[in-house]
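Taken from Swiss-Prot as is:
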type: BINDING; residues: Gly55, Pro56, Ala57, Gly58, Ile59, Gly60, Lys61, Thr62; note: ATP binding site
type: REGION; residues: 468-607; note: region 'Disordered'
type: COMPBIAS; residues: 506-518; note: compositional bias 'Basic and acidic residues'
type: COMPBIAS; residues: 548-558; note: compositional bias 'Polar residues'
Amino acid sequence: MVWFKMMSAIEWAEKYRPRTLEDVVGNKKAVRDFRAWAEEWQSRIPETRAVILYGPAGIGKTSSAHALARDMDWDVIELNASDQRTAGVIEKIAGSAASMNTLFGSKRLIILDEADNIHGTADRGGMRAISGIIKGTLQPIVLIANDIYGLTPTIRNLCLEIKFGSVQSRSMVPALKKVCGAEGVYCSQEALLQIAENAGGDFRSAINDLQAAASGKEKLEVEDIGTAGRDVKENIFKAMQKIFKSTDCKKALESAYGLDESPEDLVHWIDENLPIQYARKDGNLEDIKTGFGYLSKADLYLGRVKKRQNYRMWRYASMLMVCGAALSKTKPYPGFIKYQQPSLWRRLGQTRSKRDMRDNIASKIGEHSFESMHYSRNNLLGLYSRMLKDEESAVEVTANLGLELEELMYLTGSAKASKKLQKIYDKAQKLLEEGKNETADPDFFKAPVPAVDNKQRTLSCPVIIQEEEEKPQKEGSAGKSDPPGPHSSERKQKTLNMGFDSLLETSEKKENSEKKENSGYLLVDDPKPAEKNLFSFSPSLLEKKNFSESVEQKTSSKPSKKGNPANNEPSKQKILDKVTPTESVQDNAGDGAKKAEPKNQKTLFDF
Ligand SMILES: Nc1ncnc2c1ncn2[C@@H]1O[C@H](COP(=O)(O)OP(=O)(O)OP(=O)(O)O)[C@@H](O)[C@H]1O
């Protein structure tokens with residue numbers, strides 16, 4: 001039954017969704033700006049190719065976007081929150097739609113609903129994909145968001161921002177009356193006003209409430225409309241008033257029960273506002289003390305509920321906090337008070353987004369420097385932010401790390417996207433586009449290259465015995481400023497991978513010198529990477545090199561961990577393989593095949 005009711009409630013809101021921009025209730029200026037932007041598209045590509053429609057839920061943002069498309073006779077491509085919206089999907093769907101013209105030259109409106117909700121905390125690829133698409137789109141794009149700050153500054157800089165506000169009650173009434181007329185329901189003016197006021201600016205809620213109240217009735221009077229109101233912010237403020245302004249415990253409790261806040265949330269509201277209310281100029285500190293006494297008792301019950309999972313005790317907690325706060329005043333406190341949202345939530349929200357940002361940057365640095373995110377966060381963030389002080393290196397750091405504008409702001413400690421930062425960001429994007437970043441990498445933030453000598457320039461498959469795992473850090477630490485710590489083994493592994501990457505690069509560069517070599521053995525390091533490399537590198541390379549013979553070697557040489565050639569030391573590792581080039585490889589040496597193998601290494605195939 002409840003389900004049926006919900007389904008039919010959805011129907012009226014859908015049924016009376018505005019067909020044209022004319023039908024959109026309220027927000028006249030926003031609608032005008034939106035239309036003007038679209039009209040510009042009819043003649044040419046406007047400077048701002050995308051708009052952001054933002055504002056609270058249920059006020060007609062999505063409806064306006066669809067209505068505009070209908071008014072303009074444009075096709076619509078929509079990616080809404082129920083679609084999987086990874087960077088790949090966004091690029092595939094929105095990107096391809098944005099980059100192509102339609103067959104008959106008409107426009108195609110690309111709508112990204114709930115755009116503030118696209119990325120997870122760690123992956124900002126979706127946002128980057130959107131900004132990339134906006135920059136080059138040949139089609140109009142509309143982003144829809146509740147929270148404009150949920151979009152990156154880069155995207156916001158590229159878009160025209162259009163704010164939709166809550167729909168006013170007096171604008172809702174005629175629209176609701178039309179719905180009643182269409183449905184053959186009589187509804188008194190007072191009843192309509194009551195519905196509109198209860199909705200708190202959310203027109204979708206107003207239609208849903210009207211439908212719920214009208215269900216099975218032909219006539220609606222104000223008595224038929226509940227006065228409880230919806231779960232909107234104003235309600236909690238009304239409840240605060242009832243608690244702090246009167247001593248009527250019953251009414252205060254009723255209003256608290258009518259809220260959709262759990263006692264765990266409500267306690268924060270009372271905690272925040274109790275001192276605001278009772279510590280006014282003429283306030284009584286005793287009232288605050290008594291009030292907090294009750295709150296602490298309520299808190300005890302909340303703790304017990306959590307511990308025993310017995311939610312029946314919530315009623316005691318509610319009673320203590322609500323009645324306690326109401327009755328603790330020794331005199332009335334008239335006058336307007338601006339009640340506040342719990343600052344604890346604000347603080348947590350603020351620090352959380354900052355923490356997310358910091359971790360996101362740290363993981364980019366980690367990826368780039370082959371360190372763990374944890375290590376980068378603790379040791380490298382400061383270093384990278386210092387590098388951003390110099391504009392030239394800042395561009396390269398930004399390009400190499402793939403930093404977003406707001407990440408640049410975070411690293412430079414800048415509160416807003418200054419012109420300088422925007423310039424750095426734009427240059428970095430240009431650099432990336434031109435593909436120059438690889439050659440422009442300054443050595444100081446490039447991944448350190450492992451020692452490469454002729455002995456190391458071939459690849460094989462190492463299997464390391466346990467003792468090697470405990471190899472002292474110092475062997476690899478020369479040329480590296482990282483302090484030894486609990487993450488040393490992790491760093492070691494990653495450095496090894498890096499070594500292989502660089503190894504491949506270096507092999508190419510030193511092709512000529514390799515021609516003179518005729519044997520090759522594996523670079524060896526600790527066990528995990530070795531396993532990985534066994535499958536990822538060796539077979540193909542071995543194939544290329546035509547290795548067919550094995551020779552047992554007893555010793556191996558190990559590269560400096562961070563790539564200082566001067567620090568190469570003979571390794572004590574045992575290598576289970578050996579490879580030697582076939583004669584044909586030796587013959588082909590002059591043809592430029594990559595093969596430079598040390599003779600003092602022992603590799604997997606030795607065994
Ligand atoms: N300003 C409005 N004019 C006319 N109808 C509206 C308006 N706002 C909301 N509605 C009604 O509410 C329904 C939902 O509106 P819509 O989806 O456009 O809201 P929204 O602002 O995009 O909300 P959300 O952010 O939750 O997507 C519509 O189908 C329509 O019936």
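Glycine is no exception: its Cβ is also placed from the backbone N, Cα and C atoms.
Location within the structure of each feature annotated in Swiss-Prot.
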residue : record           : contacts (Cβ under 8 Å, 6+ apart)
Gly55   : ATP binding site : Lys61, Asn146, Lys163, Phe164, Gly165, Ser166
Pro56   : ATP binding site : Asn146, Phe164, Ser166, Gly201, Asp202
Ala57   : ATP binding site : Asn146, Asp202, Arg204
Gly58   : ATP binding site : Asp202, Phe203, Arg204, Ser205
Ile59   : ATP binding site : Gly26, Asn27, Phe164, Gly165, Ser166, Val167, Gly201, Asp202, Phe203, Arg204
Gly60   : ATP binding site : Pro18, Val24, Val25, Gly26, Asn27, Phe164, Val167, Phe203
Thr62   : ATP binding site : Ile111, Asp113, Ile144
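Among the binding-site residues listed (Pro56, Gly58, Ile59, Gly60, Lys61), Gly58, Ile59, Gly60, Lys61 have a CB atom closer than 6 Å to some atom of ligand 1, in sequence order.
Residues Asn146, Phe164, Asp202, Phe203, Arg204 surround the recorded ATP site, their Cβ atoms falling within 8 Å of the Cβ centroid of Gly55, Pro56, Ala57, Gly58, Ile59, Gly60, Lys61, Thr62, which are themselves excluded.
Lys61 (ATP binding site) has a Cβ environment of 26 other Cβ atoms inside 10 Å. In the three-state DSSP assignment, the secondary structure recorded for Thr62 (ATP binding site) is helix.
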